[in-house]
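Just below is one structure, and these are the notes that go with it.
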Amino acid sequence: EDENCSIHLADDSATNDPPPGILLEGSGVEMSICRGSSGKGTVQCPACEYETASKRHLRIHFRIHTGEKPFECSDCNYKAAHMSNLKRHMRTHTGDKPFECSECNYKAAHLGNLKLHIRSHRGDKPFECSECNYKTAEKCALKRHLQIHTGDKPFQCSECNFKTAQKSTLKRHMQTHTGEKPFECTDCNYKAAQLTHLKTHMRTHAGDKQYECSLCSYKSSQISSFTQHMQNHSSLPVASVSAVI
């Protein structure tokens, strides 16, 4: 056995006493540990190259290997290996957003989210697609984009065979099954399942008729109605309608 593996952390300092290990808190498992390679009173995790001079830090670190998560959320089934992680998680329940942008009124529950937001002011887009010229400020956005190239559609509808690359798209699709229409018109009782549909509807109130026929005075707020109208002009084929649009 390696002579460096005889350190026993009976207190919070490294010692050369002979006992061979440390009892993992709450596990009943004695862990053999090794003297750190730095030779400055540190000890090394037997499962990886992590070194520390503190038994407490070593015990906390070893949860990575054991999967131990002693800190539990009182509001849901979330568990964490570290108290700091649980505190961050609790903000999802309390709505606390302590990190504020100095450029606008944006607030975030986590510092990492604020850092991502700051890039929107700087125009910083460090994540680049290797398949095309797409760039983004967020790593998760790049992952979603890459699914366009891979064709990966991991989100599947439980009611039909619909699949999609994005979770948000699946949520919108599920509204076709539930009948949910969360977007309401403020001028009438119209409701829509998707925001884009509500925006299209709102043009009927605003008088916004952006699609104008070049052959007569007809105008429409909806491209579908405009396309139908254009086909009435001498039975124009769809290709001709597209050219006019």
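For all residues, glycine too, the Cβ spot is worked out from N, Cα and C.
What TrEMBL records for 43-70, 71-98, 99-126, 127-154, 155-182, 183-210, 211-234 is domain 'C2H2-type'. Under the heading region 'Disordered', TrEMBL lists 1-20.
Here the domain 'C2H2-type' (43-70) has a mean pLDDT of 85 out of 100. Summarised by DSSP class, the composition of the domain 'C2H2-type' (155-182) is 12 helix, 4 strand, 12 coil.
Residue counts for the domain 'C2H2-type' (71-98) under DSSP (helix as H, G, I; strand as E, B; rest coil) come to 12 helix, 4 strand, 12 coil.
Beyond the ends of the domain 'C2H2-type' (127-154), by six or more residues, the same chain brings 116, 119-120, 163-166 to within a C-beta distance below 8 angstroms of the stretch. Residues of the domain 'C2H2-type' (127-154) grouped by DSSP class, helix first, strand second and coil last, total 12 helix, 4 strand, 12 coil.
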